[in-house]
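Visitor: Please find one structure pasted underneath; my questions will follow.
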Amino acid sequence: MSRFLVERDGQTRVRLSEGMELTKSQSVLAVLGLVVLFAVPDITRLTSLSFQAIHRGILFGLAAVGLNLLLRHTELVSFGHAAFFGVGAYGAAVLASHFDVSSGLLLLVGSVLASTAIAVLIGYFVAGYLDIYFALLTLAFNQVLYAFVLQSGYFNYSDGLSVRPDGLNPPTLFGLQWTSSGYDLILYYFTVVVLVVSLLAMWKLVNSPFGRALDAIGQDRTRARFVGIPVEKYVWIAFAISGVYGGLAGGLFALLQLHVSPEPTLYAFVSGEILFMAILGGFGTLVGPVIGGVVLVYLLIQAPFYVEYYNALTGLVLIAVVLFLPEGILGSIPKIGTGLARRRSDPGLLREDVATVGSSLRRGVSRAVTTVRIIVFGVN
Amino acid sequence: MTTGPTTAADSGGIDRRTLLKTVGGSALAVALAGCTELLEDGEDSLADADVPDEPIESGLQTFTEGAPSVLGVQAQYGAETAVRRINENGGIAGREMNLDVVEEGGAYLTNYQQFVDEGKDVTFGPISSSGHAEMVPEIEAQEVINVSTDGTVTTLYEEDFPDVTYSFRFQNHDVMEALAAVMQAVEVLGADSIDTYAGINPNYAFGQDEMDLFSRGIEALTGAEEVYSGFPDLGTGDMSTHITEVNGEAPDVVFSSCWGGDATLLLEQGHANGMFDAVDLLVGPVLYGSANDLSEDLVDGPIYSGSRNFYWGEPSTDQWSPAADLVSEVEDEYGVVPTAHFMSGYGAVTAWATAAEKAVSLLGRWPEQEELATVLENHGFFTPAGYHTIGADHQGYSNAHFGELTWSDDHDAAALSDVNVFAAKNVSPPPGETSADWIGSW
Amino acid sequence: MLEHVLNGLYYGSILFMIASGMTIIFGVLGILNLAHGELYALGAFCAFSIVGFVAGQVAAPTGPATTIVFGLVVLAGSLAAAAVLLPVGGALEAAFIRPIYDRDEVYQLLLTYGLLLVLTDVMKFVWGPSPVDVGVFSAINEIPTTELVGFSYPSYNVLVILIGVAVFAWLAWFFDRTKTGRIVRATAINREMSTAIGVSTDRMFTLVFAIGAFFAGFGGAMVSIGPSSASLGMGLSWLVLSFVVIVIGGLGSLKGAFVGALLVGVSSRVVTPYYPQLELAVPFLLMVLVLLVRPEGLYGTWGEIQ
Amino acid sequence: MLEARDLRKEFGELRATDDVSLEFGKTDGEMVFIVGPNGAGKTTLINLLTGLLEPDQGSVVVHGEENGAPVEDDITGMAPEERVRRGLVRSFQIVHVFEEMTVRENLRVAVLSRYDKTLSMRSVDDSHEEVETEIDGLLERFRLTDVQDEVAETLPHGDRKLLDVAMSFGLDPTYLLLDEPTAGVATREKEYVIETIVEASEADGVTTVTIEHDMDLVKEYADRLVVLHEGAVFREGDPSLLETDSELRRVLLGVNE
């Protein structure tokens, strides 16, 4: 066995570094994922898929990866992650338009610093709260920020700020001024690198003792406290880390859009969307939120070009995920895989599936009809 | 400078010979001006031009649903009407034109990018001023011409993007309607009778821009003092606080750039709270945008509204029938009275289409984006609203309309009476000067 | 100042009608219903059709007596519009919400968000994409109210305040004094208990969701007969404000929603003229303040803070 | 030695802890049992000692030694996790374990915490050798080796109780406060559970304070007995009091005056 291959539980695993191992099928998926990621610009050139939408989706997905640290591990539902995304985006925009900083990387540093500062501040207040209170408190802070930015001349009200240091050209990347399409491409590959590094960092984190401590807090806060874990402090740290991811994503978003306004970055519903991306992709997995991000963003911004009732389309997809794919898209792949394999070997199961779906539909309809009847005519 | 309206003859009363001379006799330009009856059979000078066969693909982003669709759907109707007229007249240099429409809300940049990805030859819209500001650099980078329907904040081309190539704006900008409002107020009440003024404007760049320009203008002309300025949220459900404050101050003039549902709300709550007893005059540049949603009792009172660069009764119909023809066509087709936002869509398409045709006749082939952009600069053309030019600053200039809000039983919609027509040069700064400097020099 | 307070009470009353349904649904079912704003919008659209129809059946008001008759007709129409929400709410609960009571709250949020999107397009399909207005506002203002005591204030606002109080009184009576109401409250505290006394929890939950939807719809109808139009997307900002109200009042507390709504209404209206830049932020600042000082809300009982 | 000094806690009208002064661990490895009828304030006392609740009055003091001289360390108002670091560890009446983790992972969290490694970013799987060795020891002492890879929520109740206590031992306690370690455990397993705890405490010299309702167990294992009644110390002394003191028996049986 080489340095990168280990035996564990009778399986050969690919070992990236200490404690970071993948099974064979996971490795294949990971390599495939990387290839697809790097090929996106070419794929979109050859097909009618939108490059911009996928890029945006990845960025929101990155924010959702940060949110998932709280959701999956400390089991806290944040309904205020747009605060970090938006502050990250505005961090870059303020540096570019008020201070004429032209280096894209410096703008990104500004994003991360700003969002971390905000996450540390908000985290201080919310770390002790649980459940719906945590969700609503994060939402409230998010909306206070939104209202503040919307009413502030420094942030140019609802119009927002441009991320073009000289007023017309995008910031420099790696010290060079790129043409428009070159800029988008370089920025995309940079995003992919940031994404991969962020995912590896998150993977490392959740498999570290700190990650376990967060799991412990999520599963039983009282017990965690009485094994000596400073619960509030750790939640606070996790909140701040999660804010770093949000800020990074928001900063890249600013570099991509080159204009930052409050509604698409800071509004409470953006927070909701980031949360829903994590669930949609599968919040029990590391990479799921990214997939959820791409899918949801794609639905939200591309569907209007193809269908008139695009809201309903997105809504139905989400409802279907809740009812039929509770593990999310990525989380359901193993189940779907085994299910398909079983059906291949025993086609009779398919008939049963149809029967199950049919009867549950009938049940749903008749229940709804009964309910309506009772409400309209009363019980008789 | 001249204050006050110009006469109709100056602006719109135009005879056939002048028209044909100005538009170069092009069938398309005449059709879009709404004067097909002026056409005589003649040879098509573009018949020999080297033009591709496939249709022109274009995209419009506008507000198609929700509260702002009051304006957005009008723009959509306008653009569709222009495209229909183009195709009925054999297209642009023989090319048919297709138009895709998409909801603009919150997705300005991605919409434009998607249009470009789809290979659109030209894009139109948006209505939103912030959306427009967001798009301009992207348009310059992608190099596909966009003619904005509205998005009228004055500083866009004056300060933020003074040197653009591919980004244009058809509709009059804020300074024109804010100053038209000032002059209208002065005309109605007299400069000496205006001592105090107040404002209720939507809380975003457009509302702030309009209020700022109105304040500068009215203070310069009358020396009036601002007693209250409130900025309710765009799309708010309740303005009573601001109305209560205005009533308390009882200013001579209230200025409001509220539009769509906000305009209706202002009039509803204004009436309910007795605002029109407390103040002498309300001037609102875009109140008329809600013409189809106002009821008879709402327009009752000292209320004057602007109608941007188009009011269907102007130029007055006995001299200029295209406007009247357009009203009946739109009422038949869509069941609404066309407002200035209809013209935003109609004019944006017309500006581009007439310029494209001009370019073909100059070049003998279909123009590149850059060539077409060059032709669009200082391009003059007619619509049923009259004559328009796109300035060297890429801003559209045409007459600004203002009149008293009344009720028309004929159209079962709000109407304007005693419409004043302000020539562009009277309500906007000369080239190279910013609005603020120009008003400061009065 | 008095007028600003009245403006605040009016605004708060509308807020209460929407938030009341949300707090009841949360209190009993434990579901934070993100689609609540769309139920409110649906009520507004139904009012456009129904009130528009019935108001067309009576003559336009001419004197004080006929204005009162007209007002009653409009009120009846609004109630009828809200009543549409009863079966709609019941069906939504039975078909979509019931399967997810035992799931993580994140799924409940996601599902109700999905419903929000679908309902938006249902309304777009039925009433079209543009705003619609009932157009009875000015006639309602002809009803004599404050003029009787020598004071001028829109009658519509006065009536909304009165109706808000009446809604609160009715709900308080329902939950305190009626058998059904008491059973609902018992169900909220302990789901097994109601099963034990032979009441179907399923039916109780459906009833509660339908009632919640009814009041959201009634709030929508009240707005729609007022100075605003019914439009797509009108529910979003009210949804977020409803959160604020029920958090301030205490999740699941009816009294809390009432006090919270009036507090948010009055404070935002009174502050606006003096600090215009705070108009948007006031409710949220209030919410942050309450959550930090008294996380269970003004009347909440079960804040789960350690 | 752990000392409760004039502790008082009131919940509204109810005085749950009424000026309680007690000392635990007068001798190394002392086993103190707290008994009393329901509502006597037993759990409240443990909550006050471990920091889940703060007293309205009085203090909690840890007595130690520094350079041969006795020192007092007032830990009132200190967070629970800080008290854990000072060797003050507890279990709960209702089992509190990390339900979605395996037995081994549960213990790992406790041991990592004790070694102050919960902020470490190294991988948990195989890089903390002393931690893993210690977990092996705990698994063996609490007879959990066979189920070490089972997820906690799937374990039988007795094993869950043992896991709960094993985690406490993983924290290297000086004082171990056990709130009804045999509650809910089947009668035939009770002896087994308490025996395991006693063995471990004796081996490590841990002072234990145990709330227990089973008087047979108390009689068998207690070094000292504390009886609480209506929030106050009613009796304190040798477990034989249970046999001799008739008033005490009346109180414990709940036959009130």
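Along the chain as shown, the residues are counted starting at 1.
Each residue, glycine too, has its Cβ placed from N, Cα and C.
Please treat TrEMBL annotations as automatic predictions, because they have not gone through curation.
Found this in TrEMBL, in case it helps:
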TRANSMEM  A:21-41  transmembrane segment
TRANSMEM  A:53-71  transmembrane segment
TRANSMEM  A:78-99  transmembrane segment
TRANSMEM  A:105-126  transmembrane segment
TRANSMEM  A:133-155  transmembrane segment
TRANSMEM  A:186-206  transmembrane segment
TRANSMEM  A:234-254  transmembrane segment
TRANSMEM  A:274-301  transmembrane segment
TRANSMEM  A:313-333  transmembrane segment
Visitor: Which range out of A:21-41, A:78-99, A:234-254, A:274-301, A:313-333 gives the transmembrane segment (A:133-155) the most CB pairs under 8 Å?
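Guide: Going through each listed stretch, the top one turns out to be A:78-99.
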Visitor: Considering only the recorded stretches A:21-41, A:53-71, A:186-206, A:234-254, A:274-301, state which has the highest number of Cβ pairs under 8 Å to the transmembrane segment (A:105-126).
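Guide: Ranked by Cβ pairs under 8 Å, first place goes to A:234-254.
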Visitor: With Cβ distances under 8 Å as the criterion, find the stretch in A:21-41, A:53-71, A:78-99, A:186-206, A:313-333 that has the most pairs with the transmembrane segment (A:274-301).
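Guide: Stretch with the highest Cβ contact count: A:53-71.
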Visitor: Per the definition of 3+ C-beta pairs under 8 A with sequence separation of 6 or more, do the transmembrane segment (A:234-254) and the transmembrane segment (A:21-41) touch?
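Guide: Contact between the transmembrane segment (A:21-41) and the transmembrane segment (A:234-254): absent, because fewer than 3 Cβ pairs are under 8 Å.
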Visitor: Given a Cβ distance threshold of under 8 angstroms, which distant residues of the chain, six or more beyond its ends, lie next to the transmembrane segment (A:21-41)?
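Guide: Residues 6, 8, 11-15, 51, 54-55, 185, 188-189, 192, 195-196, 287 contact the transmembrane segment (A:21-41) from elsewhere in the chain.
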Visitor: Residues sitting near the transmembrane segment (A:313-333): Cβ under 8 Å, six or more positions beyond its termini, same chain?
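Guide: Here the qualifying positions are 276, 278-285, 287-288, 291-292, 295-296, 299-300, 303, 307.
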